[in-house]
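Notes to accompany the following structure.
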Amino acid sequence: MARVVPAWLLLPLAVWVVLPTWLSSAKFSSLIERISDPKDLKKLLRTRNNVLVLYSKSEAAAESHLKLLSTVAQAVKGQGTICWVDCGDAESRKLCKKMKVDLSAKDKKVELFHYQDGAFHTEYNRAVTFKSIVAFLKDPKGPPLWEEDPGAKDVVHIDNEKDFRRLLKKEEKPILMMFYAPWCSVCKRIMPHFQKAATQLRGQFVLAGMNVYPSEFENIKEEYSVRGYPTICYFEKGRFLFQYDSYGSTAEDIVEWLKNPQPPQPQVPETPWADEGGSVYHLSDEDFDQFVKEHSSVLVMFHAPWCGHCKKMKPEFESAAEVLHGEGDSSGVLAAVDATVNKALAERFHIAEFPTLKYFKNGEKYAVPALRTKKSFIEWMRNPESPPPPDPAWEEQQTSVLHLSGDNFRETLKRKKHALVMFYAPWCPHCKKAIPHFTAAADAFKDDRKIACAAIDCVKENNKDLCQQEAVKAYPTFHYYHYGKFVEKYDTNPTELGFTSFIRTLREGDHERLGKKKEEL
């Protein structure tokens, strides 16, 4: 006869089965490091320079955050590290106290702290979403995502080309799309007005925004002629009609324009500066060399007709030229070159931004301080400062960067397991900005003979064929090579943090593979 077990005897078993459900659901990615020992955290912060730590009141309190951070960890692998400390655990309480984590308030279950370069950086107080945390870890000091602004809830935020194409295909309402870059000051100025207009026009129009600064959006930028930021395009039934170019608009201006969208009015062509007359000499590719030979002291302004800073400086430059003209040739003369027309001169003197000033003394070119006003032009021309000695070329400086040429490029990289190569031009502003970061990354791995940070000056004649073979179309360009074979283009983050994180991921991958081989043996 079967024995009947009282129901109350089964209760402890039921409770035992139910209790671990939240514990089992708190499983998290192996990419998240659980830490309880202060020494382990100290070591981690010393060896990783971009760390986000989740401190929780208990394991249960961390459940939803761990689930989210597991997906984030995968997305930022090689660029950032995520850790978890359970402050409710007896072993971890000492660590939480030492790190000044206070979770005593009833409604406070977790804290997210960010550490950079071994030190506390900031408390994470942005949106707790996948996109926001990923964006933060990829650029901890960068601006928040536009969509994090509560006022931008009526703007449609597009993340990728697939979503962009889907919007154009399926949306019946007219679309005003802002292509922008997060760092762009003009974009930041117009964004509040754009989002206010989106709210006012909700249900009638779609106002959307898309960060197209990353290189993955080159096709979109080419298709819609995105030459600067912001570029605002108007669509009807998925078809691009024209651009909206009033970047100083208010929300009311945008709303009013959308009532009757019209293409930009053709601008009345400006009179070329050279045709206006005045005391500034306007030089060309043909007469430049002869002019600087005939005049012992010449200050030349390289400009572009569309350049706002040039237009602002032009009257100051012209007024100074009039004063100097009255003094005869004793104080020198001021001259100008339209770099958009006289391209040979612009290339010869590596003109990469406008306006650029060059000073010529008896035909020789010298460096010029930052002159912008009538007074500074006159004072400097009356008594030109002795030109400071030029900074040594990058390849002449003592660094850990390997400066290669077309002759030794292949042979050198064949001996390196991991090589990150920077193709650059010495005059390029973006290259100048990246060089100290790349140099610091090279120094960080100088003791590892399998790793190299190398550089190629694409301006040098004997390197031009190599740069062309490696499909270098812009400066700087970064390529990763494995024993001399091209693997991928690096275009994520041209900073010391970005470079070192990328290389460290490659090295950690080597260690993982070595560990697996040892286990197999």
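The chain as shown is numbered from 1 upward.
Glycine too: its Cβ is placed from the backbone N, Cα and C atoms.
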Practice problem: State the disulphide partner of Cys431 as given in Swiss-Prot, choosing from Cys428, Cys453. | Solution: Cys428
Self-check item: Recorded disulfide partner - Cys184, candidates Cys187, Cys233, source Swiss-Prot
Solution: Cys187
Self-check item: Residues satisfying Cβ distance under 8 Å from Cys428 (disulfide bond), sequence separation of at least 6
Solution: Ala352, Tyr475, Pro476
Practice problem: Provide the number of Cβ atoms within 10 Å of the Cβ of Cys431 (disulfide bond), excluding the reference atom itself. | Solution: 23
Quiz prompt | Set of same-chain residues at least 6 away whose C-beta sits under 8 angstroms from Cys307 (disulfide bond) | solution = Phe354, Pro355
Quiz item: Counting other CB atoms within 10 A of each CB, which of the disulfide-bonded residues Cys184, Cys310 comes out lowest?
Solution: Cys184
Quiz prompt | Spatial neighbours, same chain, of Cys187 (disulfide bond) - Cβ under 8 Å, 6+ residues apart | solution = Met178, Tyr180, Ala181, Tyr229, Pro230
Practice problem: In whole Å, note down how far the CA of Cys310 (disulfide bond) lies from the CA of Cys184 (disulfide bond). | Solution: 20
Quiz item: Helix, strand or coil at Cys307 (disulfide bond), per DSSP?
Solution: coil
